[in-house]
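A quick write-up on the structure given underneath.
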Amino acid sequence: MISIDQRAMQAKPIDLEHLSAQDTALEIRNLDLSYGDKQALFNVSMKIPKKQVTAFIGPSGCGKSTLLRCINRMNDLVDSCKIKGEILLHGQNIYDKKVDVAALRRNVGMVFQRPNPFPKSIYENVVYGLRLQGLNNRRDLDEAAERSLRGAAIWDEVKDRLHDNAFGLSGGQQQRLVIARAIAIEPEVLLLDEPTSALDPISTLTIEELITELKDKYTVVIVTHNMQQAARVSDQTAFMYMGELVEYADTNTIFTTPRKRKTEDYITGRYG
């Protein structure tokens, strides 16, 4: 079995089945999703705790990224996508017709596999979302930029070149810049879709350390193909297979004493 970070082993596991409303960031209820005639998610239900890191793992094509993109309605951009079920944020179904999708995406930020800074300065990348919200006071923008860059553990590396083009940063720095941009508008939830898959090992470690710090302020949900990464950074892990949620428990349980045979087979490398 995969070794677990000692900090994760020392933490008391959360009772996910009886998680209270005040400790729940998101609740997914009986979620089905299909693209045209092909069903990609089958009756997924789970509660995601506040200010914890929850990892989605599973083989390619299992539905983990599809599920992640449901949480801020990115799948709305796919014309053939049909969804049944609910995802509750503050007790409200985010798929309710009355929901302001733009406001939802401000509250549920997302970072993708490859760093995607805008062709602007480092500073303008960070404050971009704030400007869209109508914030133009220079002092407020400066404070927000520094706060966000510090929060993404990159301030010391860029503080003397904030007006340089963001494309001049390394891949790992660009990804931290993108995280800074996401947290600048102070979301409650941060979705990370394979955030280190395009990075070198040193940059990956830096991002992993950042993820464990981010949960002090945000609920973090990460999709990863790297099981060692899930074991290192997450508090809970959900194992998905062929569109179904097979097992969801504290990370220590998933990686050391899984309850389901499919989970054990995947963790031990029998398939995947």
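Cβ atoms here come from the backbone N, Cα and C positions, even for glycine.
The domain 'ABC transporter' annotation in Swiss-Prot covers 26-267, and the record cites sequence analysis as its basis.
If you look up Swiss-Prot, you'll see Gly58, Pro59, Ser60, Gly61, Cys62, Gly63, Lys64, Ser65 marked as ATP binding site. Long-range Cβ neighbours of Ser65 (ATP binding site) (same chain, at least 6 residues apart, Cβ-Cβ under 8 Å): Phe56, Asp193, Glu194, Val223.
Put plainly, the binding-site residues Gly58, Pro59, Ser60, Gly61, Gly63 were compared by Cβ crowding within 10 Å, and the winner is Gly58. Same-chain residues that are not part of Gly58, Pro59, Ser60, Gly61, Cys62, Gly63, Lys64, Ser65 yet have a Cβ within 8 Å of the Cβ center of the ATP site turn out to be Thr66, Met240, Tyr241.
Sequence-distant neighbours of Cys62 (ATP binding site) (same chain, 6+ residues apart, CB-CB distance under 8 A): Met240, Tyr241, Met242, Gly243. Averaged over the domain 'ABC transporter' (26-267), the predicted model has a pLDDT of 96. Within the same chain, residues at least 6 positions away in sequence whose Cβ sits under 8 Å from that of Lys64 (ATP binding site) are Phe56, Ile57, Gly58, Val223, Ala238, Met240.
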